[in-house]
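Quick look at what Swiss-Prot lists:
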{"type": "TRANSMEM", "residues": "17-37", "note": "transmembrane segment"}
{"type": "TRANSMEM", "residues": "40-60", "note": "transmembrane segment"}
{"type": "TRANSMEM", "residues": "71-91", "note": "transmembrane segment"}
{"type": "TRANSMEM", "residues": "126-146", "note": "transmembrane segment"}
{"type": "TRANSMEM", "residues": "154-174", "note": "transmembrane segment"}
{"type": "TRANSMEM", "residues": "187-206", "note": "transmembrane segment"}
{"type": "TRANSMEM", "residues": "225-245", "note": "transmembrane segment"}
{"type": "TRANSMEM", "residues": "252-272", "note": "transmembrane segment"}
{"type": "TRANSMEM", "residues": "275-295", "note": "transmembrane segment"}
Amino acid sequence: MASLADRVRGNGRIAAGLLFNLLVSICIVFLNKWIYVHHGFPNMSLTLVHFVVTWLGLYICQKLNIFAPKSLPLSKLLLLALSFCGFVVFTNLSLQNNTIGTYQLAKAMTTPVIIAIQTFWYQKRFSVRIQLTLIPITVGVILNSYYDVKFHSLGMVFAALGVVVTSLYQVWVGAKQHELQVNSMQLLYYQAPMSSAMLLVAVPFFEPVFAEGGIFGPWSVSALLMVLLSGIIAFMVNLSIYWIIGNTSPVTYNMFGHFKFCITLCGGYILFKDPLSVNQGLGILCTLFGILTYTHFKLSEQEGSKSKLVQRP
């Protein structure tokens, strides 16, 4: 009876964690878009706020023994911290200059680009069926972008840069975690302050600092509260992702990611009144089909590899 109660409590915690991640992941997209549309807060400055709040949050977490920091050589993290800056800045610029649907769908191109990077630079091999799933993903993104009535050429440039830098960042994070034998929170504990310092130097060259429209310019209390809330929610997204990965299976994590993908798309069209044509709808369905089949094949191949290792004498 006790074990049943423990299982129920455990499942309840997982359900609560998934629900929390769903809320904050969707909230951060809509809140950032709201800040850009209604307050015009500068992009790099908002990213800087996110990094600083994330580092402060991680500092509090390590003081509460949620994770143990590990001493790491800063020289080995410079490129990773720089790519972290680029990944968040370009992703936010894509959100600022595109509809939420186009922004969200463009992010799906990260998978094909990661596969290309790992194939050409790391000589990693992928099965034919995995490679074939990249076709509907790519076709769907192109369809959606081509028929987007709010198509913004600069926005697509930012989206493309965001995809490339995000893909590099994700590949390098995996490599660094393996090389340095650290988890994502231990790595982020060093990345966040390093990336903050880099942006602190870069911001004055690209954005006004004390003038109107700058981070220290005259802002309303509501705008500043929204920016601070955005930073706190960004930290909560990182923390909840770490918790989900540690407490659920890869299948749960991936399937839940697809659910968030669909909810964010629908929310963007409802909240921001973004027009949706039939061809865009087909593009979204095409991309979603590609993502789902990719996940199915990838997870089945991973399970097959594990079973072979178990059977090996």
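The backbone N, Cα and C atoms fix where each Cβ goes, glycine too.
Between the transmembrane segment (40-60) and the stretches 71-91, 154-174, 187-206, Cβ pairs under 8 Å are most numerous for 187-206.
Sequence-remote contacts of a segment are chain residues at least 6 beyond its ends whose Cβ falls under 8 Å from one of its Cβ atoms, and for the transmembrane segment (17-37) they are 43, 46, 92, 95-96, 100, 103-104, 223, 226-227, 229-230, 233-234, 236-237, 240-241, 243-244, 247-248, 252, 256, 259-260, 263-264, 267-268, 271-272.
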